[in-house]
There are 2 protein chains.
Amino acid sequence: MNGNSQQSTKCSDSVRASRFVDKNRLWNRHMEMAAIGAIPGNGVNRQALSLEDIAARKLLISWAAARHYEIAMDGIGNLFVRRTGNEPELAPVMTGSHMDSQPMGGRFDGIYGVLAGLEIMEALDEAGVQTRRPIDLVAWTNEEGSRFAPGAMGSMVFTGSRPLDDFLGVKDQNGITLSDALADTIAAIPNCASHEFATPVAAYVEAHIEQGPLLEQSGSTIGVVTGIQGFRWFNVEVTGEAAHAGTTPISLRRDALQTAVACISALNALIREETDTLRFTIGRLDVTPNTPNTVPCRAAFSIDLRHPDQVVLERVGDLVEATCRTACIRCAVKVTEIATRSPCVFNPSMVDSVEEAAARLGLPSMRMPSGAFHDALFMHEICPTGMVFVPCEKGISHNPAENAAPDDLVAGARVLLATLVELANA
Amino acid sequence: MNGNSQQSTKCSDSVRASRFVDKNRLWNRHMEMAAIGAIPGNGVNRQALSLEDIAARKLLISWAAARHYEIAMDGIGNLFVRRTGNEPELAPVMTGSHMDSQPMGGRFDGIYGVLAGLEIMEALDEAGVQTRRPIDLVAWTNEEGSRFAPGAMGSMVFTGSRPLDDFLGVKDQNGITLSDALADTIAAIPNCASHEFATPVAAYVEAHIEQGPLLEQSGSTIGVVTGIQGFRWFNVEVTGEAAHAGTTPISLRRDALQTAVACISALNALIREETDTLRFTIGRLDVTPNTPNTVPCRAAFSIDLRHPDQVVLERVGDLVEATCRTACIRCAVKVTEIATRSPCVFNPSMVDSVEEAAARLGLPSMRMPSGAFHDALFMHEICPTGMVFVPCEKGISHNPAENAAPDDLVAGARVLLATLVELANA
């Protein structure tokens with residue numbers, strides 16, 4: 001048997017095994033997960049390290065345990081499920097995503113990458129396929145960053161991009177620290193082996209819904225992701241002085257909300273550009289004391305800035321603080337950059353691997369950058385990384401109306417399987 | 001004895017009785033009340049119909065009961081304390097204010113008028129002065145409107161300005177209805193006689209801290225209030241669509257917060273005027289889902305508009321809705337006027353009564369309108385009404401730093417006593 005025929009045997013192995021991806025099992029598990037933290041309109045609210053997150057972890061573990069996969073958790077709660085390989089001491093190939101959601105999130109964002117990863121392990125079992133390297137499924141802690149900012153904490157800490165200590169003191173809106181929520185989560189999941197940070201990984205491939213409209217518009221089933229745009233996250237805190245709404249002349253007020261409005265207007269002017277490529281979002285604004293007849297003494301808001309070009313990201317982001325200071329009306333303004341990441345371009349061999357897997361399976365694909373960031377952004381720092389996108393209805397995401405077709409979810413899982421089997425046998 | 005000497009006897013009676021106002025008792029009671037709902041920086045958070053409000057009611061009742069005053073409560077929780085008169089069947093003269101506070105309120109707003117009212121009853125007891133008419137002290141429910149909007153609900157319902165049914169369904173930020181909070185409050189205060197709405201009142205005089213800087217600046221101890229500026233309160237609700245902050249182009253967003261910012265900017269332009277007389281406040285702004293990386297689908301804000309001239313109030317207020325609609329960016333905007341009141345001018349005889357009482361006591365006074373609204377605004381509709389202002393430090397109010405001098409509080413209570421005794425004997 002020469003090299004070529006060996007290669008073609010492996011390829012046909014992965015194509016054959018991909019047929020064991022089970023559409024009903026994959027879909028039903030999405031629906032079971034969606035019941036945890038369900039909100040009106042088919043949505044999901046499953047905040048990082050919440051009781052719902054714990055319930056989702058337990059459900060995933062129950063499925064993995066039924067297959068006797070190895071289960072472990074690291075110090076920030078990243079959950080690892082291993083299907084071992086013929087050479088178990090080798091670095092694994094890894095797949096996965098996250099199980100936390102936005103407060104008004106959907107049924108597919110993140111959880112699809114986790115359930116697709118479990119699905120391919122089971123499909124390989126049923127196909128009787130052994131791989132040379134182990135395959136690890138990971139569920140990253142707190143990708144969304146909506147309860148504890150910033151997002152992607154789990155993958156940042158695992159990859160050594162940021163130390164755990166940086167995040168332990170971060171508080172949610174109720175004043176609960178990440179440290180406490182993490183301790184509660186770890187305590188709720190006993191009998192779980194412990195996993196180290198920064199263990200070697202041979203390659204990482206993450207499946208995800210696109211969260212944008214391009215695949216649907218082009219009629220492609222598979223998005224071959226070429227990289228991820230960079231981002232900069234800021235918190236802006238405005239401090240003024242509380243005063244009586246009926247007695248205090250406007251010219252004497254130190255109105256924190258009016259300064260926040262002036263800052264946002266000035267930032268809108270700063271970020272305006274013709275191509276509409278830059279993403280600029282004020283997603284969060286908290287006013288104190290937030291009562292109709294008191295001039296607000298405090299207003300705090302978030303800024304989420306993204307662009308595929310590092311030069312633009314630097315130029316605009318570096319002007320945020322000065323823009324806010326100039327707009328300030330008799331208040332104090334404090335601008336803090338809480339997270340940043342340069343745009344990343346995936347390793348071309350990984351992009352090719354995903355594209356070729358789709359081709360072998362006869363699935364129409366297109367190359368595209370990712371508008372959203374993902375844990376893959378950080379894994380890219382420590383190993384060859386790629387992503388598989390599947391379409392979502394009208395591109396809607398971070399919204400209860402988020403939807404995806406069962407056939408598309410299966411297609412993505414099959415591409416993921418074919419890609420990972422190749423990488424695990426390399 | 002002719003009419004004149006009778007008059008002068010009464011006058012000297014009230015001057016003599018006013019010396020029984022006890023500075024320490026009045027101050028210490030302020031400090032006891034301030035301990036209920038105390039917040040950092042000497043502030044108070046005592047929301048209407050909260051556990052703190054109930055505790056304040058019980059404390060007031062304990063003081064009143066020790067003097068064997070009659071205690072009663074009406075259907076919206078307004079609390080009445082009566083010191084009877086020589087002709088108990090006559091309509092009483094009434095004084096009082098409110099015990100609820102802003103979320104970040106001070107130790108004097110409202111509660112001063114209640115404690116000053118109790119103080120003068122006790123001073124009259126100690127001076128051995130009987131009045132012809134009963135004197136009623138009232139603690140109005142929910143003047144602030146910060147937990148349940150709008151404010152002044154208690155006096156509005158008592159005076160028949162609005163029916164109780166209009167307010168029973170109003171919810172606080174936790175979804176608790178006024179109806180439920182009221183039932184809890186009434187149940188917590190048993191053995192309290194029931195009081196009707198709209199009972200006849202001969203005259204109403206309310207003591208209050210100024211909540212503005214004029215008395216302090218002019219060196220006057222007593223503000224003789226000539227009337228209250230009118231107000232219009234609006235709620236603006238903007239509905240957009242949640243979307244992913246990383247993938248959704250700005251030109252396609254239906255960003256509810258950005259529309260709210262555009263509305264507020266447009267309203268700022270609308271209300272601009274050279275005299276700085278108009279009061280315009282966005283005190284409250286709630287964003288949904290309020291997470292950094294989701295385009296907000298909803299933003300709701302309050303508008304508090306006040307002016308002493310009804311013509312201005314109508315012209316500007318009537319443009320609020322159109323201004324918001326014009327500013328709207330791909331969202332839906334709903335503007336609701338939740339409360340309104342024309343400016344009021346107090347009965348000249350009442351203004352004279354307060355001014356003359358200050359003069360008899362040798363206290364420097366000045367006439368002034370009230371920038372804040374008060375329950376007196378509604379009492380003015382059903383009986384001759386006046387107000388007594390005392391200075392507060394730097395005019396600061398609706399702020400934990402709110403402060404007042406014990407001597408000024410005593411001076412205001414003495415003027416209140418002298419005024420009420422004249423009215424109660426008329």
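Don't overthink the numbers, they just go from 1 along the chain as shown.
Just so it is clear, glycine is given a Cβ too, placed from its N, Cα and C backbone atoms.
All annotation found in TrEMBL is predicted automatically rather than curated by experts.
Binding site for Zn(2+) 1 per TrEMBL: B:ASP109, B:HIS208, plus B:HIS98 from the candidate set B:HIS98, B:HIS195. TrEMBL names B:ASP109, B:GLU144 as Zn(2+) 2 ligands; from the candidate set B:HIS380, B:HIS398, the record adds B:HIS398 to that same site.
Shown in sequence order, B:GLY110, B:ILE111, B:GLY113, B:VAL114, B:ALA139, B:TRP140, B:THR141, B:ASN142, B:GLU143, B:GLU144, B:GLY154, B:ASP375 are the residues of the chain, 6+ apart in sequence, with a C-beta less than 8 angstroms from the C-beta of B:HIS98 (Zn(2+) 1 binding site). Cβ atoms within 8 Å of the centroid of the Cβ atoms of B:HIS98, B:ASP109, B:HIS208 (the Zn(2+) 1 site) belong to the same-chain residues B:SER97, B:PHE108, B:GLY110, B:ILE111, B:TYR112, B:GLY113, B:GLU143, B:ILE209, B:HIS374, site residues excluded. For the domain 'Peptidase M20 dimerisation' (B:227-327), the number of residues in each DSSP class (helix H, G, I; strand E, B; coil) is 35 helix, 33 strand, 33 coil.
Among the binding-site residues B:HIS98, B:GLU144, B:HIS208, B:HIS398, the ones with a Cβ under 8 Å from a Cβ of chain A are B:GLU144, B:HIS398. Over all protein chains present, the Cβ of B:HIS398 (Zn(2+) 2 binding site) has 31 other Cβ atoms lying within 10 Å. Sequence-distant neighbours of B:HIS208 (Zn(2+) 1 binding site): residues of the same chain at least 6 apart with a C-beta under 8 Å from its C-beta are B:SER97, B:ASP109, B:GLY110, B:TYR112, B:GLY113, B:SER370, B:ALA372, B:HIS374, B:MET387, B:VAL388, B:PHE389, B:VAL390.
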